[in-house]
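Novice: Pulled these from TrEMBL:
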type   : residues : note
DOMAIN : 125-223  : domain 'Methyltransferase type 11'
REGION : 124-133  : region 'SAM motif I'
REGION : 187-195  : region 'SAM motif II'
REGION : 214-223  : region 'SAM motif III'
Amino acid sequence: CLLVATWSLPSVSAWVPSSRPQNLQPPVMTRGNSNAASRSALFGVARRAANLFRGGGRERTRDELKLGIAGFYDRSSKLWEDVWGEHMHHGFYVPENRTDHVQAQVDLIDQVLAWAKVDSCTKAVDVGCGIGGSSRHLARKYNCQTEGITLSPYQAGRGNELAEEQGLKGKCNFQVADALQMPFQDNSFDVVWSLESGEHMPDKVQFVSELFRVCEPGGRIIIVTWTHRDLDEGESLTKKEDKLLDKINRAYYLPRWCSGKDYVNLLEGFGAKDVQREDWSYIIAPFWKAVIRSSLNLKSIWGLLRSGFSTIRGAYAMLLMLRGYKNGLIKFDLLTCTKPPAVSKHGMPM
C-alpha cells in the first residue's frame, strides 16, 4: 500500500509549479461553471506535465529511495485519505461496473485472503502498511494482533491514531521501519502480508528473505505487487518498455522492476511450499476510471497543488501506469506460499 497514495489524482496531475505552491485558495465557483473550470484546469496542466520527466537521470541509491519514499508519502497520504479513506490500494471490481469503491477496496483484502486460503490468524505483519487500513481489517476479521511498518513517519502516526479511534489500540501497532531490516524476531508471525509495497524494494532477494525470516514455520506469506511482464529465456524488455518504467520509477521512487516469474523463482529458492501466483490486472482495471472521476473536482485539484512537486509528478505518472497496464507491460500479481516446517538436524520435522 505504499505506492497508491496518489491514485486518486491521475487526471488532475500535471501542473508544474516554478516553486512549491504557497497559500493557494480555490476560486469561488458557481454551480454552472464548476465542471467546466475543472476540466479546463486539467487540460491546461496536462500540456505542461511532460516536463516533469524530461532528462531521466541515474538510478537512485538505496538511501535516496528510502528518503524519497518517506517524503513522498508524508506529503501525499493525507490527500488520499481525504478523498478515498483509509485503504490505500486498488479495489476488487467483480462485477466490473460496481460503483461502491470504498467497499471494493475492502473486498480486495478479503478476496486476496480467500484466494490465499487464510482461515485464521493469530499475529500478522503488514509490510508497507500505509495508514494501516489492512492491518485494522485483519485485526477485526480474525481477532488477531497486527504490526505494521512503513518508511513514512506520517503514515505510522496516523495509523496509530486511527487504531485508537477505532478501539484497536491494543491490537494494532504501527512504526517506522525498513522492510529489508524488519525489527522483529525470527518466526514471529503466522501471516506475513505485503499489499502493493514490494515494488518499492531495491533488493528483492533481501525482501523475500525478510518475509521468510519473520514468518513462523507453516505460516502464510502473501505478496500483492506490481510487476512487469514475464520474459522468455534470453529476452529483455524493449527500449520503449524500459523508458516507460524509468519514468514511473522517477515519480514513485521505485528501483528496477521484476516479473511475477522472478518472484516465484525466489519463493521456491527459499524452499516455499504451495507456491501460487495469479494475475489480477483485469480485476483491478476499473479502479483507474473511478479515481479519474474522483479527481474531477476543485477540491481534489487544489489538494493536489498544496501537496507539492513530488505528489504532482506521482499523479501524472498514474497515466503512465495506465498505459503500461493497457499494453501488457505492467501486471498486478498475487503470490502466496507457506514457509516450510522447521527441520531438526536429523532431517525430521520439529
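Backbone N, Cα and C define each Cβ position, glycine as well.
Because the structure is a prediction, the values reported are computed rather than measured.
Are these features on the surface or tucked inside, and what touches them?
Specialist: Mean pLDDT of the predicted structure over the domain 'Methyltransferase type 11' (125-223): 97.
Panel annotation: around the region 'SAM motif I' (124-133), residues 1-2, 4-5, 73, 77, 81, 85-89, 105, 142, 144-150, 155-156, 158-160, 162-163, 172, 174, 179, 182, 184, 188-198, 200, 211, 214 of the same chain, lying at least six beyond its termini, place a Cβ under 8 Å from a Cβ of the stretch.
DSSP states for the region 'SAM motif II' (187-195), grouped as helix (H, G, I), strand (E, B) and coil, give 0 helix, 7 strand, 2 coil.
Counting only same-chain residues 6+ beyond the ends of the region 'SAM motif III' (214-223), those with a CB under 8 A from a CB of the stretch are 112-113, 116-118, 125, 182, 184-195, 198, 263, 267, 272, 333-342, 350.
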